[in-house]
Structure formats: structure tokens, C-alpha cells
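Record features, source TrEMBL:
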BINDING   116, 117, 118, 119, 120, 139, 166, 181  S-adenosyl-L-methionine binding site
BINDING   181, 182, 183, 184  substrate binding site
DOMAIN    11-72  domain 'Release factor glutamine methyltransferase N-terminal'
DOMAIN    94-189  domain 'Methyltransferase small'
Ligand code: GLN
């Protein structure tokens, strides 16, 4: 097959196979050219190595692979995080969890725990945005922790990494703030078989028949891992706000409420240990 010779040829080759905005992003990353050049100068020559890279990426994307895994990175809270199929791709709605956490980190030192850190996007962002906080992050997957550690090295966040299942990674310790974006999709949800989600680690997504098993487990164990007055913040599905608040209340939390993401959907519920 002959390779595209210009930006215009490249975008024409991608047309009908992947959305135009993704084709432009992949062409930018393959060629190093600016967004303006790619759209404004369709006749500009594309180097053969860039053309080969772009053509291979379009084939992978057309076969369903997420752009973030093809490029090996995704932006979160203004920084580029490396990602691999060992970790969930960071989502914009999770920035709400970060904002809600930052609003609860006191000016003085605070001990903060991120459960199920994956790429480390939440823990590293908190460490960089709240340098006075001591951040610990737990994941059950050694492969995910390797991705998170290399993100911390690259981006400069100071985080203590621990391997384990939820609080077992930090047994006997107490924190002022615990945050988590746990798996919360119902195990039979057809969403798991569609789009990018198909390529993501199932263990980071599915959580029992209603998607609430891990939220229940974390909320139930959190009182033993929080200092008095400490907060638990949990991301969840758009239709799980009522259930998440009920779980927090029955676990003994007060000041329980839910915050909405930029789409206006219930996304993060939280409560305070009396
Ligand atoms: N927001 C993700 C999705 O709907 C789920 C992430 C999660 O389970 N933590 O695909």
C-alpha cells in the first residue's frame, strides 16, 4: 500500500475510518506538526516515517483501540499521563474528584490516600497541587503501580506507593482524606462491551451486579482508616448518587452529599467521619 505524501492525503486516508478530530490528533502526534498547519496546509509534505506511523495508528484506531493506548498517554488536569492497557484511561469527570479533594485538604500537613490509583492520575495531581499533603496510593495491580511510579518520576509528584486490595495496602494507618475512583460498572452492563471500555482492564471497571460492591467495601472499611473529622470521597456512576449516599450514611458518615460533574450528572459522593 502506498503511504500518504501530504497532510491532506493523510486526512483523506483516515476519512470514514476514524472521526476527523481523532485523525487530526493522530496526525499531529505522528508528524510533530501543529494543529493549524495540519488543517491550513493540506499540500505540505508528510515525511515517510511519519506517514508510516500515522497509517499504522489509523488501522489500530479503526480496529477499536483507544487513542490513549495508541499514543500511550492522556491528559488529566493539565498534565500528560502515560497510560497502558494495564490502567484505566483517566476521564475528564474524575477531575471533579480531584477538585473536591483539594477543597478538603487543609493548609497544614494532611495525610491523603488514593485507593485503586491506576495510572496515578489522582494521587500525582493531588501531590502536585497540594504539596503540603502527604499522599499515599494503593493498587492491587503491580503492573498499574509500575505505570503510576513512572508517571510520578516524569511529572515530579511525591507519592508513597503500596500494593494491596483497598485498605489492606495500608493496614493500621489512618488518613485525613481518602479518595477513590473504584470500579463501579455493573458486571452485566453492555457498556463494558462497547467502545474504548472493551480495551480497558475489567478489574478497574466492573464491580458486582449493581456496580456497587467496591463502593460498599471501601465505605464499610473507611471509618477504621480515617482520623476523626476525616473525609471519604468516592467517584461513581451517574445513576448511583442515591445508592452511594445511602451506603455512606449506613457506614456512619455525616455531612453526606453528592457533587455533579460538568455534564450536570451525579459523579462524586462524600461524607465526613464524626
Ligand atoms: N467512567 C467509567 C466508564 O463509565 C467507569 C470508571 C470506573 O468504573 N471507575 O466507562
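Start at 1 and count along the chain as shown; that gives each residue its number.
Keep in mind that glycine also has a Cβ here, set from the backbone N, Cα and C atoms.
Here the features listed in TrEMBL are placed on the structure.
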residue	record	DSSP class
116	S-adenosyl-L-methionine binding site	coil
166	S-adenosyl-L-methionine binding site	helix
181	S-adenosyl-L-methionine binding site	coil
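The Cβ of residue 117 (S-adenosyl-L-methionine binding site) lies under 8 Å from the Cβ of 123, 137, 138, 139, 144, 145, 148, 161, each of these being in the same chain and 6 or more residues away along the sequence. Residue 119 (S-adenosyl-L-methionine binding site) sits 13 Å from residue 182 (substrate binding site), taking the CA atoms of both as reference points.
Among the residues 116, 117, 118, 119, 120, 139, 166, 181 said to bind S-adenosyl-L-methionine, no two Cα atoms are farther apart than 16 Å. You'll find the Cα of residue 184 (substrate binding site) roughly 12 Å from the Cα of residue 116 (S-adenosyl-L-methionine binding site). By the rule that a residue counts when its Cβ sits under 6 Å from some atom of ligand 1, the binding-site residues 119, 139, 166 yield nothing. Residue 183 (substrate binding site) sits 9 Å from residue 116 (S-adenosyl-L-methionine binding site), taking the Cα positions as reference.
Each of 116, 180, 185, 204, 205, 207, 214, 215, 234, 235, 236 belongs to the same chain as 181, 182, 183, 184, is absent from that list, and has a C-beta within 8 angstroms of the C-beta centroid marking the substrate site.
Mean model confidence of the domain 'Release factor glutamine methyltransferase N-terminal' (11-72) amounts to 96 (pLDDT, 0 to 100 scale). Residue density at residue 118 (S-adenosyl-L-methionine binding site): 28 other Cβ atoms are found within 10 A of its Cβ, drawing on all protein chains shown.
Using DSSP to sort the residues of the domain 'Release factor glutamine methyltransferase N-terminal' (11-72) gives these counts of helix, strand and coil: 42 helix, 1 strand, 19 coil. In space, 116 is the closest of the binding-site residues 116, 118, 120, 166 to residue 182 (substrate binding site), judged by Cα positions. Of all Cβ atoms in the shown protein chains, 24 besides its own fall within 10 Å of the Cβ of residue 116 (S-adenosyl-L-methionine binding site). Neighbours of residue 120 (S-adenosyl-L-methionine binding site), defined as other CB atoms within 10 A of its CB across all chains, total 30.
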